[in-house]
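Enquirer: The following feature annotations were taken from TrEMBL:
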type: ACT_SITE; residues: 180; note: active site, nucleophile
type: ACT_SITE; residues: 317; note: active site, charge relay system
type: ACT_SITE; residues: 346; note: active site, charge relay system
type: DOMAIN; residues: 50-105; note: domain 'Partial AB-hydrolase lipase'
type: SIGNAL; residues: 1-26; note: signal peptide
């Protein structure tokens, strides 16, 4: 994804890639699956769910600014009766990923399959610019304006459209589960009354809002290089790390200073020092858009205290640093349930083959206790 022209603090354009397999050397089964998905024809249902016997249908919603987003619906597990569907749970993927993230490992190890097999009515979100959501009512992916947005639009437009669709179809409040970028979107969205009214509880894996203590070397070096400004100047609005240009950029970021780029998935996001705020358009741009010289902050304390929240975070996370997560927790109006795993990094919560036991057992307990009522 390309973003608006950079301004203010330390924004880095969040870049959408078609495939990260070249650099995700630490998770070869997942990387291999990522390479397979998206290379053939058909949607996510055809490629991953239906061949394994899971019911799955494709849906498309349009955002207020014209983006056409793909959703997948798995109403129950492959061994469940169609009339035994539980509450709707919406899974929002993280950085550099798509809805297939929730199905990367085996059916016994991936959260998407596990939730369906446990009776939940599973819905999968795919934000604009990802491999499953590259449509627009006016623009094509080759148009500069197609990429003129930041993560803020993902929360205010994409989540609103997708959650609104699920809420309308199911006539039920939704259990929200997000990872990485899906948590920064979720936290921002939960400050919006028109979205939070549709949510019964929220589970956040590696929650991101503040990024004062990012230690991911790839990110820090990209910021120092002013990578966002460089790409905009070159007219690049979408970066595919499999292309010659993408490989050269990765090599320049990873070479020479022992920068660890093995886990690119935890590497690039929008960095804002000291505040969890809307996009910074510069002084004049902020004045025109917000009526203030500085972008307004997302007020985490405005998230209703009555909304149950669960957070899972790790001691080896170089992006969702423990100190920043603790600051997020302090600013919430309520006290969330917490799961801390000292030896988990940013991507382990969705791609580790041990996450079923380490993470998902407690996550599903939380979802059952805070959204599964007697009518299901």
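Using the three backbone atoms N, Cα and C, a Cβ is placed for every residue, glycine included.
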Enquirer: Using the alpha carbons only, what distance in Å do you get between residue 317 (active site, charge relay system) and residue 346 (active site, charge relay system) once rounded?
Expert: 5
Enquirer: Give me the CA-CA distance between residue 346 (active site, charge relay system) and residue 180 (active site, nucleophile), in Å, as a whole number.
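Expert: With the alpha carbons as reference points, the distance is 8 Å.
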Enquirer: Calculate the per-residue pLDDT averaged over the domain 'Partial AB-hydrolase lipase' (50-105) and state the result as an integer.
Expert: 91
